[in-house]
Amino acid sequence: MRDYDAVTAFLGEWGLFQRLIFFLLSASIIPNGFNGMSAVFLAGTPEHRCAVPRGANLSGEWLNASIPLELRDGRAAPSRCRRYRLAALANFSALGLRPGSDVELETLEQEPCLDGWEYSRDVYRSTIVTEWNLVCEDDWKAPLTTSLFFVGVLIGSFVSGQLSDRFGRKSILFLTMAVQTGFSFLQIFSTSWEMFTVLFLIVGMGQISNYVVAFILGTEILGKSVRILFSTLGVCIFFAFGYMLLPLFAYFIRDWRMLLLALTVPGLFCIPLWWVIPESPRWLISQGRYKEAEVIIRKAAKINGIPAPAVLFDTAEMQDSKPQQQQKAILLDLFRTRNIATITIMSLLLWFFTSVGYFGLSLSTPDWHGDAYLNCFLSAVIEVPAYVIAWLLLRSLPRRYSLSGTLFLGGSVVLFIQLVPTDLNVLSVGLVMLGKFGITAAFSMLYVYNVELYPTLVRNMAVGATSTASRLGSIIAPYFVYLGAYDRFLPYILMGSLTVLIGILTLFLPESYGNPLPESFEQMLKVKCFRNGQETTGVRSSKESPKILMTRL
């Protein structure tokens, strides 16, 4: 659609039609914000200890001493997974012996929690962890639940683009909304962890598909200047608004089934949007459905109060553009030369580790000092200034330095957390917030940088490959958080170190700011270590940044 923007320029950039599309599509992203991070509270693990049955015949003293102490974060705390053997304790209690003075507790035999667990209700009334006892020997199941959600996100990333290319943006947008809402509702009736997890995987497929298709639909309908705002301050900030709603819902609704119900209801408000949001005229034209595209554009002109030209599209000219769209590329093209292979490998690492940092910090909010609900809310709030700063950096500063600077900021402050004294809890949370700010800003800039590095033939494939690396990072991120059960600072040391490392690596990538988008492999910019060769055959004097801006999907 080489002349589409010129043909529809008469509509203007910011009429009533564009404002409706901008805000309605952005609002459709809000449920993605709280569904994407809902595992923080659905799979929260409260404090727990072995249950002692009422018929154990223990005195009050022996009942209080039935749980051994273990060292946790430098302090003695009741064991979560072991208890003293109840038969021995009952015998001592019957003989009138006292724990500590008559019997050395350290010498007693221990046993696992044969009668289940007692869970604290200070933070959560119930979660899937308390529902199906996902603790101790089964504690690996809680992070696996979140990982499988992101496996669904990975699958949805592949499927959504192909489905929307074949069946249309609007149809797949509302279909995936229905999948996300419907299967979230079915999760309420889960009778086992396995059932819940399978349904959660499908919710992940719908969640990302809805996000991706809404993003594509908005960028294809909106004009060039508004497209940039939609890609950053629209999609990303409305995602953050949804993220902010999650701890508010969870604070007042502390039962996981009722919380899921509350998170499902907002999806129903998207149903009326079917009669407001149109199909993408660009997609209709690509399918040869010019009359339908013309009807939509004329309706947009009517909404904006602008008269439409008598003839909108030159069908013959549009047909001439089709052979250019039939060019195909294969994955190996991303490794066809040493330069592009180096860029691809570095980009994959950049996406992978940035994703680990972003989702690792987002999912670890219950492990921070202080109130879990407030921490989650702050984690969401900090994303708004991060997106604004990222947008400003992309407009005025080189990409490499912007990315490297935000990654280095995020990684460095996360590394410093281990040096903060234990009594300075506010400082620890502040450093985590600053780290989340830096990593979020970097994450939101990755797509635009990726788009600018690759030539037209493989650009979409490169975005897909690096997005896949991001999904793989999100899949393993819950297990970075899981390492905190063994050492509180270990997740932050790993995430901080990897983020700083990838921030340094970014400096070796080529600089794309102020350069036109490459159309061929010969026009690709060179990696720093290859600068001794011919750098590029493309024109490099342009001072205008490409008018394409992508965002975190």
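Numbering starts at 1 and runs along the chain as it is shown here.
Positions of Cβ are set from backbone N, Cα and C atoms, glycine also.
Because TrEMBL annotations are produced automatically, they should be read as predictions rather than curated entries.
Since the structure is predicted, the reported quantities are computational estimates derived from the model, not experimental observations.
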Annotated transmembrane segment segment (source TrEMBL; candidates 85-103, 142-160, 465-483): 142-160
Cβ contacts the transmembrane segment (172-189)/the transmembrane segment (372-394), at least three under 8 Å, sequence gap 6 or more: no
Interface-richest range of 229-253, 340-360, 372-394, 489-509 toward the transmembrane segment (401-420), CB pairs under 8 Å: 489-509
Candidates 195-217, 229-253, 372-394, 426-449; stretch with most C-beta pairs under 8 Å toward the transmembrane segment (20-43): 229-253
Tertiary contacts of the transmembrane segment (372-394) (same chain, 6+ residues out, Cβ under 8 Å): 33, 37, 40-41, 44, 123, 228, 232-233, 236-237, 239-240, 243-244, 246-248, 250-251, 361-362, 365-366, 402, 406, 429, 433, 436-438, 440-442, 444-445, 448, 545, 549
